[in-house]
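Before I ask anything, let me first share the structure, which is written out below as structure tokens.
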Amino acid sequence: MEKAVKTHRPRQAGPKAEKKKPNKNAEKNNPKAFASFSGQKADRTIRRNLDKDQTKLHVPLVDRTPLEAPPVVVAVVGPPGTGKTTLIQSLVKRYTKHGLAEIKGPVTLVSGKQRRLTFIECNNDVNSMIDVAKVADLVLLLIDASFGMEMETFEFLNILQVHGFPKVMGVLTHLDKFKDNKRLRKTKKRLKHRFWTEIYQGAKLFYLSGLINGRYLKNEIMNLSRFISVMKFRPLIWRNTHPYILADRVEDLTDPETLRTQPKSDRTVSLYGYMRGTNIKPDMKVHIPGVGDQRISEISLLPDPCPKPEKVRKTLSDKHKLIYAPMSDVSGILYDKDAVYINVPGHFSKRGGDNVDEDEQEMRGAGEKMVFDLQNAPETFADNIAKSQLRLFNSSEGITGVEQESSDGRQRRRWEDPTQSDGEDDGDDSDDEGDMVDNDDENLSADDSDDSEESDEDELDSRNAGRRRVRLVELNNDEGDDEDQIAFADSDSNLDDDDDDDLNGDTRWRQKLLEKVNNGFALKKRVNLMDLVYGDNPTDLNENNEDSDGSQVNDESGLFRVRKATRNTDRSLALADACKVEAKSEDLNQWAEESTLESLRGRFITAQPASATDEQGIGGEEAEVFGDFEDLETGEKVEGKDGEGGEAGEADAQTDLTKRKEELKRKFDAQYDGSDDESGAANMYESIKEDMAKQATINREEFMDDDVNLRAQVEGYRPGTYVRIILKNIPCEFIENFDPTYPVIVGGLLASEENFGFMQVRIKRHRWHKKTLKNNDPLIISLGWRRFQSIPIYSLNDGTRNRMLKYTPEHMHCLATFYGPTTPPNTGFCAFQQLTDNTAAFRLSATGVVLEIDKSTEIVKKLKLTGVPYKVFKNTAFVKDMFTSALEVAKFEGASIRTVSGIRGQVKKHVGKPEGSFRATFEDKILMSDIVFLRAWYPVKPKRFYNPVVSLLLSSKSEWQGLRTVGQLRRDEGLKAPVNKDSLYKPVERKTRRFNALRIPKGLQSDLPFASKPKLLKKQSKPSLMTRRAVVLEPHEKKVASLIQALNTIHKDKERKRKEKVTEKRAKYLKKKEADEATTAGKKKEKMKEFYRDEGKKRAREAAAAEGGNRKRSKRDD
């Protein structure tokens, strides 16, 4: 007996199985081997690739993000109880290793080498949702997986759609409530596909499985944080054209005395935050959602409280992981423009160093450590200043400061020279005290004071650690001349000191200072330009500075020398404009010759065409341009190579000309002949993006080298800078009811958005909103930065006019016109009927987009005027009851009218009586019973109603109540809708109309052919002969008729009995059949049970045998 051959079992795992696996990259490594020879397949592949490329394209937008980009705003949104606060705390702990006890306001932190993040938590309030949707760059949408997607989630997603739709990532929480893994997987799959339906296919969805010590798992938070750190953002149109600030701190600057006397007066408020969007101008008008429109009173730059690391490192160290959350009191430090506020909880009593534990010192925050360090200071600042020394050179001795008391009791400090003797110091001090002059009481001229401050501060501040003030005083000499003598002093205390005229080694540095001060003073002295240009004797600018022979006169103090200078007209022009080069008079004499002037004639556009010889001469002169030349501003001389400079310059010029010609030819060919590059159309998108990037680079580099303050005045404050905005006349309720958990946004308004007018929009009622929107019912509209209430009028364009609608149509767009602040077209908006959260229904009423801005509206509604004729002629009729006066008839002369039967006519002229009646002509004769009506259009004007939503001024932000609808008023007041009897539906009773018979004259009938003659016979008034004739039967016929009648009766009775038997028999058969089917079904069921039982036992045996074989195989392997 032969042994059974075992079937081959391929390896499922191991190196051999890996070898046998098909190579996934085989097609990529060798595409020719896997190329398809089917033309249809190749065509489908090409089409699919092109479709994929087209789906990636979008309208290129200019990215206005600066190099120093502001922090990315990450909004955490979700219904209550979904874990928003816990998620922010976990992310902050992951990024900065800081633990936040509570989240209040924005939290800014450094997440990487080139990115900062600002986390903000969104409340379960429609106002907060709208504001967050307008400024968020990334939205973390939290969903409670144990409950499912709630109504607030869908409301927020629809609000996002109309305000730009930033990046959205979903986060599923409360997954630890699922005990069954199968149910957990099904729930994840269901929520993922529902989330993809609302966002897009493939949207990121993260899963947070549970909490450990009040935080989410580290691996899950790390995965989420990595995605946030590398997320790329596409610029949104509204934010790319408007500046805005998300305020992270609010401060009241109102005078305390004003608050004491007038507690309800308007406040002066300062807002702090990062600039975003575009540049903001200092006097720009802004809007704070929830407060109203305001004008910027003052704006200033502040140091960045959370800067990015300056040097690029591989990883961020702990000292670079900064966090800034002033409303959340991180570290207890608040930074202001001119102050730092430290908020340290607990006591401030100083304890000995031995009693303080190391753990307690580590637990102290930055502000608390700063306070205790100040308490531990051994010396005061004045003591340190008294011990300080000034050393001008490394080899010189230090100079110490000595305090002196002035005559007014004020402490003055002067520098003490250690090289002088004690006696000299005492003498100097006595003289100094007598000659001491306070800085506040000096009367200096405007020119001299400016010059002295600029000259001495530039020199002395760079040399001394302490400030040595040098003063300039105008003194008149004894001779009474007009020459100014300039007296300089070492400090305030030794001004006009007669005893100190020694110029020793410690005062050598003053010699260079003397030259700089004299030169600066001479150059900065004001000049009378009229006398300089048109006067005979221009003002000498070098007066009192330097004479021709360089003579000097010593100052009384012996510190500086004052030079007496005579007038020198040759150097006056040079000193008047120091940026120009002085020209000698000998060099200017050559321009008096006629030949020299003629040599320049060809340089001007008015010159005559030169001859060939002249051209050669000019060319020779031009060739020298590329040779030796001298930079007149710097004095640098540049020498070119002999004989090669001109040729090189001509070659470069020829090369540039050739390049320009080739570029023009290429553009011409591309325009008229098409581009030679087949991929030119495909690269058009990339070329547009490159052009935008180049233009952005040019714009960025335009003011790169300018001063920060000057640049802010010219182009405004750039995005990414940290600014302080001061607003005046803010309602006091904003400060009194301020809640840091609600976002405060300062949105800049363009010039066109400050005006008010009527706007025409395209609107559609949301499919989940239960109630139909009614005309003239107020709506709360979120448009741009603003939230306001207005009264829209709905209309529909029928091709010629906008017809008013009473209600919004079902599943269809319509037009709406309302009054409000003008907003650019194509701006999306959303509308609500109420903002309170006391309803379970879907609160978003409608969405739409702005079409056009027009102060005039053209909306009409249909108006039907009816009348009845009281005189009828052939084509003329007199109609009444349509108008009430002759003036109304005159207004409608020539209007088209028609009857119910469809006969058209026209209004002609008013007739006397009755009042309002008129004569009309018709295309046919009408009846007295006809109703004549006129279709007119009545213009409808929208109401000028604008009510801004001021929710931030309320203590309860979600209870703002605006204008109520008519239905709400009736429901609140318990009123019933008025009933108009004429508007009720009544049963229509139409009387039967009797028309006269058609009468044709006999003469006309005789002339008509037979086919056209009327063939209507009169109704017989008398019975006919067949009706009047009686039928008499014979006796035999009577017997036959009665027999046939009897037979028919018997046949009908038999037929009835037979049908009844058949029906009864069929009922019995059906009953028996049902019983048989039930028996058969039971037997089949039992048979299937037995079959499945045997099949299950068989598979169980096979599984047991396979498991036993595996065990034996594993034992053999062991």
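Heads up, the Cβ atoms here are built off N, Cα and C, so glycines get one too.
The shown structure was predicted, so the numbers you read here are calculated from the model rather than taken from an experiment.
Straight from TrEMBL, here's the annotation block:
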type: COMPBIAS; residues: 1-11; note: compositional bias 'Basic residues'
type: COMPBIAS; residues: 407-417; note: compositional bias 'Basic and acidic residues'
type: COMPBIAS; residues: 422-460; note: compositional bias 'Acidic residues'
type: COMPBIAS; residues: 476-485; note: compositional bias 'Acidic residues'
type: COMPBIAS; residues: 493-503; note: compositional bias 'Acidic residues'
type: COMPBIAS; residues: 1061-1076; note: compositional bias 'Basic and acidic residues'
type: COMPBIAS; residues: 1087-1104; note: compositional bias 'Basic and acidic residues'
type: DOMAIN; residues: 70-234; note: domain 'Bms1-type G'
type: REGION; residues: 1-43; note: region 'Disordered'
type: REGION; residues: 396-503; note: region 'Disordered'
type: REGION; residues: 636-658; note: region 'Disordered'
type: REGION; residues: 1053-1118; note: region 'Disordered'
So what's near the compositional bias 'Basic and acidic residues' (1087-1104) in sequence-distant terms, Cβ-Cβ under 8 Å and 6+ beyond its ends?
none
May I have the DSSP-based helix, strand and coil counts for the residues of the compositional bias 'Basic and acidic residues' (1061-1076)?
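Secondary-structure composition of the compositional bias 'Basic and acidic residues' (1061-1076): 16 helix, 0 strand, 0 coil.
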Please average pLDDT over the domain 'Bms1-type G' (70-234) for the predicted structure.
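That stretch averages a pLDDT of 91.
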Just to be sure I understand, if DSSP states are collapsed into helix, strand and coil, how many residues of the region 'Disordered' (1053-1118) fall in each?
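When I sort the residues of the region 'Disordered' (1053-1118) into the three classes, I find 65 helix, 0 strand, 1 coil.
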Provide the three-state DSSP residue tally for the region 'Disordered' (1-43): helix first, then strand, then coil.
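Once the DSSP states are binned, the region 'Disordered' (1-43) shows 19 helix, 0 strand, 24 coil.
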